[in-house]
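To start, the structure under review is shown below, and the notes come after it.
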Amino acid sequence: MAIWGSSSSNTASSGEADIKTHLMNQVRQEAAVTNARNLIGKVNEHCFEACIPNPGTSLSSAEHTCLSQCMEKYISFWNAVSRGYIARLANERKAYGGGALDASFVQSGESSL
């Protein structure tokens, strides 16, 4: 009974939705990888310089402790800033009628290194 091709139209729009979902997931994954690389780079830059003034062949226990604490703090700050930024984006999207960000995007914005 589909004179105007309504059943095939539903199939096409379903396929387009699948493609859109796949692309959005791929972009989220790429953004998460980029964020992780940035985080690791910043942690290396800041914590290494702060905790290891004279690099040697191995880390002392004090250097190891310093690196661990610095990394934990830096990652915690990174996550706090990410949550704030994502909340701001969600509020702006709501204000402009774009809807809220879904929970999977919020979780991918945080690092659990």
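These residue numbers are counts, starting from 1, taken along the chain as shown.
Cβ coordinates come from backbone N, Cα and C, glycine included.
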Range among 23-46, 47-70 that Swiss-Prot annotates as motif 'Twin CX3C motif': 47-70
Segment confidence, the motif 'Twin CX3C motif' (47-70), expressed as mean pLDDT: 92
Number of helical, extended and coil residues in the motif 'Twin CX3C motif' (47-70), per DSSP: 15 helix, 0 strand, 9 coil
C-alpha spacing of CYS47 (disulfide bond) relative to CYS66 (disulfide bond), in angstrom: 8
